[in-house]
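First up is the structure itself, then whatever we jot down about it.
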6 protein chains.
Amino acid sequence: MPASRADGRAVDELRPITITRGWSGQAEGSALIEFGQTRVLCTASFTEGVPRWMKGEGTGWVTAEYSMLPRATSTRSARESVKGKIGGRTHEISRLIGRSLRAVIDLKALGENTVVLDCDVLEADGGTRTASITGAYVALAEAIEWARGQKLIAANAQPLKDSVAAVSVGIIDGTPMLDLPYVEDVRAETDMNVVVTGAGDFVEVQGTAEGAPFRREELDALLDLALTGTAELAAIQRQTLTTSSEDAQ
Amino acid sequence: MPASRADGRAVDELRPITITRGWSGQAEGSALIEFGQTRVLCTASFTEGVPRWMKGEGTGWVTAEYSMLPRATSTRSARESVKGKIGGRTHEISRLIGRSLRAVIDLKALGENTVVLDCDVLEADGGTRTASITGAYVALAEAIEWARGQKLIAANAQPLKDSVAAVSVGIIDGTPMLDLPYVEDVRAETDMNVVVTGAGDFVEVQGTAEGAPFRREELDALLDLALTGTAELAAIQRQTLTTSSEDAQ
Amino acid sequence: MPASRADGRAVDELRPITITRGWSGQAEGSALIEFGQTRVLCTASFTEGVPRWMKGEGTGWVTAEYSMLPRATSTRSARESVKGKIGGRTHEISRLIGRSLRAVIDLKALGENTVVLDCDVLEADGGTRTASITGAYVALAEAIEWARGQKLIAANAQPLKDSVAAVSVGIIDGTPMLDLPYVEDVRAETDMNVVVTGAGDFVEVQGTAEGAPFRREELDALLDLALTGTAELAAIQRQTLTTSSEDAQ
Amino acid sequence: MPASRADGRAVDELRPITITRGWSGQAEGSALIEFGQTRVLCTASFTEGVPRWMKGEGTGWVTAEYSMLPRATSTRSARESVKGKIGGRTHEISRLIGRSLRAVIDLKALGENTVVLDCDVLEADGGTRTASITGAYVALAEAIEWARGQKLIAANAQPLKDSVAAVSVGIIDGTPMLDLPYVEDVRAETDMNVVVTGAGDFVEVQGTAEGAPFRREELDALLDLALTGTAELAAIQRQTLTTSSEDAQ
Amino acid sequence: MPASRADGRAVDELRPITITRGWSGQAEGSALIEFGQTRVLCTASFTEGVPRWMKGEGTGWVTAEYSMLPRATSTRSARESVKGKIGGRTHEISRLIGRSLRAVIDLKALGENTVVLDCDVLEADGGTRTASITGAYVALAEAIEWARGQKLIAANAQPLKDSVAAVSVGIIDGTPMLDLPYVEDVRAETDMNVVVTGAGDFVEVQGTAEGAPFRREELDALLDLALTGTAELAAIQRQTLTTSSEDAQ
Amino acid sequence: MPASRADGRAVDELRPITITRGWSGQAEGSALIEFGQTRVLCTASFTEGVPRWMKGEGTGWVTAEYSMLPRATSTRSARESVKGKIGGRTHEISRLIGRSLRAVIDLKALGENTVVLDCDVLEADGGTRTASITGAYVALAEAIEWARGQKLIAANAQPLKDSVAAVSVGIIDGTPMLDLPYVEDVRAETDMNVVVTGAGDFVEVQGTAEGAPFRREELDALLDLALTGTAELAAIQRQTLTTSSEDAQ
């Protein structure tokens with residue numbers, strides 16, 4: 001008997017994915033990404049120059065900041081700016097997004113330029129970190145394209161070595177499932193976030209036993225699902241980026 | 001010769017105004033408000049109970065928090081959560097929004113309930129504080145409606161005494177003008193934010209000489225313009241709120 | 001029947017005003033200003049040079065910081081240094097004082113010099129922000145005089161374009177009144193702070209409906225009162241500054 | 001040709017591991033753990049009661065805090081207490097240690113008691129987070145034993161469901177290796193931390209591509225090495241805990 | 001040849017001391033104390049009740065906070081509220097003042113009441129911590145008197161066991177001197193702050209070698225001077241407190 | 001009848017003192033110092049260059065930071081990094097250690113180099129600040145020796161003018177005693193920390209009346225005891241430093 005999901009999806013099926021390029025008129029690159037009810041606004045800010053400690057080495061820098069609006073969730077959370085400090089979860093996710101994007105960028109080819117990726121969760125229904133990575137890639141690609149147009153990077157430079165996308169997988173009632181919304185996420189015995197390149201190699205694998213420890217076979221099943229999901233996401237990213245941003249709006 | 005504006009508007013003309021009710025699926029009330037390129041997401045979080053220092057007095061509480069996404073503007077600003085403190089401007093605007101909304105709410109009729117209004121600027125092109133007030137009123141009205149449906153406030157209670165809207169006005173090259181976008185705002189000799197009820201009375205008048213001090217006649221001309229603009233905004237608010245939120249989406 | 005006030009003043013009468021020049025032996029300019037029981041120590045610190053982001057433009061900078069001693073009020077408040085952050089009210093008033101003083105100073109004529117105005121409230125009985133602005137002007141004028149003596153600004157430079165003073169006005173039981181002490185301030189339906197130059201033009205108009213919104217006629221009556229009050233304050237400032245600081249002590 | 005390592009170890013060989021039970025005379029449980037030059041002092045503080053939001057549910061709480069002495073590393077780092085905030089890395093590791101220990105504890109059997117595990121790195125030479133988890137388990141087991149002696153938990157309660165240990169693995173010059181010291185860690189193309197129970201199931205798998213993304217076969221080889229290493233660590237933990245703490249000192 | 005001092009004083013002579021009781025109209029006790037150019041406003045805030053961790057023990061609490069206005073000194077210092085944290089020096093002095101006052105108060109006789117002493121330095125010319133202690137005692141005595149009048153402490157309760165005063169002493173060019181102004185303080189080889197009761201016993205002795213270490217005989221000479229100075233201060237305190245605060249103003 | 005102490009020591013007897021040189025493999029100088037159950041890890045970090053405000057003056061800088069591990073004491077304290085600020089006690093002790101070490105160092109002879117002394121209390125049983133000073137001296141001497149070996153300071157430069165050690169003394173039940181462990185410290189009527197050079201001169205004398213004020217004779221008796229104790233500590237320091245650090249490990 002196949003496991004049934006609240007929203008009727010198959011266990012290896014993604015939620016409806018929408019990526020709107022160029023959502024913000026201010027940033028060099030931007031994308032509003034939706035994984036079902038999860039909505040994240042990703043912007044890429046491209047600036048010439050690098051932090052002082054990197055100057056003169058001829059390489060660029062890519063970093064990321066993640067945040068949630070206070071009412072992205074079903075009950076309101078206090079703002080981190082009001083609390084005066086950033087929580088561990090925010091730090092952890094910001095670092096994960098940054099590492100994931102740096103894995104597909106050739107910092108030498110970027111030249112002495114900096115890209116800051118801001119991922120602000122407007123609505124949260126599970127999978128906000130994986131949606132952020134997937135959307136940030138599109139914003140980054142847009143910003144690179146913009147910089148090439150501005151001649152801030154050489155015409156033949158290829159800073160993007162590959163695409164990158166991420167998805168969550170988990171075991172619920174013993175069944176491995178793809179792309180968990182909030183109601184599934186809180187019930188998952190094991191929860192895993194997997195970041196994969198367009199070529200299908202791993203950038204990050206973060207699996208956590210929330211209830212019982214997990215066995216090697218379970219880990220393998222989750223990785224299989226994740227590779228399926230990220231391959232689909234990579235296809236959507238490619239399609240989004242071949243549409244001009246003017247059409248997309 | 002009439003003064004000309006970059007975007008071709010008349011001096012007493014608002015930018016295109018759009019208010020999308022129920023934009024967020026999570027909050028009890030929400031509105032995405034657009035004044036031209038300025039876009040603010042306003043959510044209203046309704047919770048039972050009041051802060052401890054107000055308990056047992058039978059009155060409710062309404063407060064507001066304003067914030068800008070780091071890349072709402074043409075160059076990126078550091079997050080206040082990362083800096084570890086909230087700047088003076090953010091504090092000032094949050095307080096202004098809160099006072100403005102409290103001016104039209106009957107806290108007794110609200111009962112011992114709290115509404116927090118979050119105004120997050122997604123894109124900023126001048127007038128973010130006045131757009132926030134105008135949008136927050138719609139989110140607040142939606143949340144009150146929701147609370148009545150949930151029987152959290154009495155069926156015959158009328159917590160909203162009136163509507164409230166706000167607009168910026170300013171003097172540019174000697175000419176008073178309505179609803180300034182960023183390019184006008186930075187050139188204004190005098191800048192004024194005016195908050196007005198649906199009945200046309202003042203809630204806040206904040207005029208600042210950016211260059212030369214202003215004369216009494218100039219102040220009068222600015223107030224006239226502001227009353228014109230807020231009357232139009234009040235009409236748009238009414239229209240938005242008579243549409244069901246399902247239609248609006 | 002004329003409205004009566006707790007302290008027997010007429011509705012258009014200021015409290016006793018005292019300005020003691022040169023109160024502090026350390027600062028380049030200083031004044032202890034008293035509006036009745038409200039006492040604020042204003043110092044002006046003149047230093048050569050400007051913040052890094054302004055260097056080389058040939059203009060100076062004037063800024064202000066406002067603070068209250070913990071026991072300036074009838075019950076003790078926690079220190080902001082102990083809380084580790086500055087509250088919104090403090091930020092708002094510091095910014096208001098800075099803007100008000102900058103409105104009467106010619107930053108070009110000041111040269112690449114910085115003046116920081118510190119307004120520390122020793123006792124608070126209403127009107128601390130307007131007393132601060134009025135006293136800070138005297139401290140600023142003293143510091144400019146000192147700098148001319150030190151040849152830090154040219155003998156013929158006129159950095160001060162005009163004087164500036166401020167007063168609070170409000171509507172109590174329907175009657176507009178001038179210069180509110182604390183007992184009146186808490187009862188005011190509308191509260192307005194008005195900053196006016198020696199020439200009688202407006203620098204800031206900040207009116208807030210504390211209870212019911214206010215009508216245009218009420219606003220006009222409050223502005224009339226404020227102009228009367230600030231004209232008197234300007235006369236006191238002039239008189240104070242023509243006395244030598246040695247005599248004043 | 002077998003890959004050679006700076007310290008002459010085989011690729012699947014742990015550094016010399018030492019665990020000294022009861023190192024601190026103050027805590028209910030403690031262990032000084034050494035993985036080669038990496039030295040971490042782990043203490044377990046057992047207190048009756050739980051945080052307020054957990055009261056009355058009959059379950060306990062286990063949490064962890066990780067920190068490095070400023071001169072644990074080859075150059076001095078600023079203290080987080082002096083900087084006034086905790087960095088993302090510290091947060092991330094503290095959370096990882098806490099989750100890892102909670103995976104093997106039956107919070108119901110612990111009763112309404114709290115155990116805080118402090119892992120303070122005295123010297124750092126790679127693998128501080130995995131040493132912390134491995135040492136914290138010993139300190140936790142000691143504290144549980146102590147609590148049973150004090151009759152704070154029932155004589156027949158078994159709060160510890162299993163042991164837990166962790167190790168780092170990585171790919172260096174294409175070769176998967178076990179337990180990386182700092183010199184290897186900085187050169188690793190892929191770096192993985194694996195947390196495993198005494199029974200050989202996974203609690204956490206955190207793999208990160210530092211250079212090139214990694215393939216499925218590489219992931220598998222790393223997991224094999226990690227299972228070998230954690231099995232050895234589990235044996236050392238068992239041996240340590242069967243020695244009385246008096247003997248150990 | 002006797003050592004000569006910049007201000008012509010003898011080596012064992014205090015600067016002119018002025019204590020103005022009841023300087024603030026808001027606090028239960030207050031004193032403006034002047035040691036030459038050093039001016040400190042001391043207020044005592046008396047409130048019923050004690051911090052939560054002391055409730056029900058029948059004893060009161062006395063604590064102190066010290067702070068300097070930014071322009072108390074010859075060059076302006078940044079405010080600690082703006083820096084977001086309190087410096088070590090401020091902490092140290094606040095603790096010293098609190099301990100010194102608690103040494104002469106019978107917390108049992110005070111009952112479950114709290115007195116907070118705020119010492120705000122308006123002008124600093126050396127000896128601000130010793131002036132603070134000496135002035136805070138007067139403010140405390142006034143507040144105790146006030147509380148007795150309010151029947152918040154029993155008519156026959158004697159919370160004050162003795163008076164307390166403090167003075168700085170130091171060795172300059174080999175000569176021990178009493179009550180150092182700033183110009184002497186920066187040149188002192190050894191600097192000592194001594195807190196002494198009315199009965200002539202020591203509450204605190206804090207001696208620091210700023211240049212060369214000091215010998216036992218030097219320490220003895222400094223203690224002799226300090227006892228002379230504090231005896232004079234105790235007499236001035238007594239005289240101040242026998243004057244009614246109405247007369248004093 | 002001689003006063004008896006819990007641990008059977010004579011009133012003028014130190015606890016067993018152990019100093020282990022070179023405890024840390026990372027720092028330029030280090031010492032684990034034990035005063036009975038009190039254990040402090042002292043490291044000295046030697047770096048070329050001085051803070052910006054000291055550059056070009058040809059003198060070096062020595063500073064210190066003190067901290068306690070959260071479970072150094074019998075109950076766990078919250079980490080200051082988690083609280084986001086450093087407490088007054090920590091600040092006070094860090095400053096005391098820094099001043100004490102600077103008293104014996106010739107900053108000119110040190111050249112433009114900086115030494116940071118970190119004193120981290122691993123276990124606390126009274127006297128942690130005096131143990132820190134005594135141990136920090138050994139770490140500092142080791143670092144100076146290392147720097148001479150590295151030719152970072154001239155072969156004939158003598159930055160260390162003397163040694164420095166510290167001890168606590170106190171009056172318990174009327175009897176002056178040397179080197180108080182925690183159980184005695186909490187009962188002491190007077191508590192004094194004394195810092196003394198190898199030559200027997202005073203660097204710091206900090207006496208505090210915890211209960212009743214203390215008389216001159218009591219102060220004298222305490223100073224006598226302190227001189228005895230610090231002379232013994234100076235001998236142990238000398239002996240430790242003549243052993244090579246290789247032997248010591």
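Start at 1 and count along the chain as shown; that gives each residue its number.
Glycine is treated like the rest: Cβ placed from N, Cα and C.
What TrEMBL records for C:ARG89, C:GLY127, C:THR128, C:ARG129 is phosphate binding site. Neighbour count (other Cβ atoms within 10 Å of the Cβ, all protein chains): 23 for C:THR128 (phosphate binding site). C:THR128 (phosphate binding site) falls within a helix when secondary structure is assigned with DSSP.
The average pLDDT computed for the domain 'Exoribonuclease phosphorolytic' (C:13-143) is 95. Taken from TrEMBL, the feature domain 'Exoribonuclease phosphorolytic' applies to C:13-143 (among others).
TrEMBL lists C:163-228 (among others) with the feature domain 'Exoribonuclease phosphorolytic'.
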Extent of the phosphate binding site in Å [max Cα distance among C:ARG89, C:GLY127, C:THR128, C:ARG129]: 13
Helix, strand and coil totals (DSSP H, G, I; E, B; other) for the domain 'Exoribonuclease phosphorolytic' (C:163-228): 17 helix, 30 strand, 19 coil
Env. residues of phosphate site, Cβ within 8 Å of mean position of C:ARG89, C:GLY127, C:THR128, C:ARG129 Cβ: C:TYR66, C:ILE93, C:VAL121, C:ALA124, C:GLY126, C:THR130, C:ALA131, C:SER132, C:ASN193
Of C:ARG89, C:ARG129 (the binding-site residues), the residue whose Cβ has the fewest other Cβ atoms within 10 Å: C:ARG89
Secondary structure at C:ARG89 (phosphate binding site), reduced by DSSP to three states: helix
Cβ contacts of C:GLY127 (phosphate binding site) (under 8 Å, same chain, 6 or more positions away): C:PHE35, C:THR38, C:VAL167, C:SER168, C:ASP179, C:LEU180, C:PRO181, C:ASP185
Secondary structure tally of the domain 'Exoribonuclease phosphorolytic' (C:13-143) (DSSP, helix then strand then coil): 42 helix, 43 strand, 46 coil
